[in-house]
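Asks: Structure incoming, see below.
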Amino acid sequence: MSVVPPNRSQTGWPRGVNQFGNKYIQQTKPLTLERTINLYPLTNYTFGTKEPLYEKDSSVAARFQRMREEFDKIGMRRTVEGVLIVHEHRLPHVLLLQLGTTFFKLPGGELNPGEDEVEGLKRLMTEILGRQDGVLQDWVIDDCIGNWWRPNFEPPQYPYIPAHITKPKEHKKLFLVQLQEKALFAVPKNYKLVAAPLFELYDNAPGYGPIISSLPQLLSRFNFIYN
């Protein structure tokens, strides 16, 4: 190892150890914090049924027509969806609503104008999965795990706003909903609530669409505790 003599000029290369001064600050805390989420077995949860819950629009074309009309009146649509996770044999599973044989979606929906995102998601979760006996469900919502934008009145959505888009037509936010140790869910009769393992969702946009199939990556930052 070479050593710079004490009388040598410090203008050449390599320079002394003080070249960068305080440019690089010593990190006193880790750059990332470990976020721990408790998961409970699917068998801890009870699933009942309630009256059917129908979509506002009868077709995809009708949905985009209503979106266009509302955009002219109130601007961009805001949508929130909840990601509920359980485990089976220490493998994380996401609860999905299944309509028919091939359509899956996360519980959630449209926010009212000016409605708070978290409070709106709690309202929607109660409407979709809330129990019928009047006991209020305690939805714990702390983490936003994803943002998706719809640039036009068309099906494609992206996890970013395309560069040429100044007025997205819809903004969808995904939130992790932490479940209690035990709970009762009432599922609308026209839906099935299914538990899909992460390995089934991963890289499976043809089966579940781009948003649901991205959940394994979005959830990988959490440290799951299997109770």
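Placed from the backbone N, Cα and C atoms, the Cβ positions cover glycine too.
In case it's useful when we look at the structure, here is the feature table from Swiss-Prot:
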- Ser2: N-acetylserine (MOD_RES)
- 2-147: region 'Necessary for RNA-binding' (REGION)
- Arg15: omega-N-methylarginine (MOD_RES)
- Lys23: N6-acetyllysine (MOD_RES)
- Lys29: N6-acetyllysine (MOD_RES)
- Tyr40: phosphotyrosine (MOD_RES)
- Glu55: site 'Interaction with RNA' (SITE)
- Lys56: N6-acetyllysine (MOD_RES)
- Arg63: site 'Interaction with RNA' (SITE)
- 76-201: domain 'Nudix hydrolase' (DOMAIN)
- 81-160: region 'Necessary for interactions with PAPOLA and PABPN1' (REGION)
- 109-130: motif 'Nudix box' (MOTIF)
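Relative to the rest of the structure, where do these features sit?
Replies: The local packing around Tyr40 (phosphotyrosine), expressed as other Cβ atoms within 10 Å of its Cβ over all shown chains, amounts to 18. Secondary structure from DSSP puts Tyr40 (phosphotyrosine) in coil.
Within the same chain, residues at least 6 positions away in sequence whose Cβ sits under 8 Å from that of Glu55 (site 'Interaction with RNA') are Arg63.
Classification of Lys56 (N6-acetyllysine) by DSSP places it in coil, neither helical nor stranded. Around the Cβ of Lys56 (N6-acetyllysine), the same chain contributes Arg63, Arg66, each under 8 angstroms and 6 or more positions distant in sequence.
A 10 Å cutoff on Cβ-Cβ distances gives Arg63 (site 'Interaction with RNA') a total of 15 other Cβ atoms nearby, all chains included.
The DSSP breakdown of the region 'Necessary for interactions with PAPOLA and PABPN1' (81-160) into helical (H, G, I), extended (E, B) and coil residues amounts to 13 helix, 35 strand, 32 coil.
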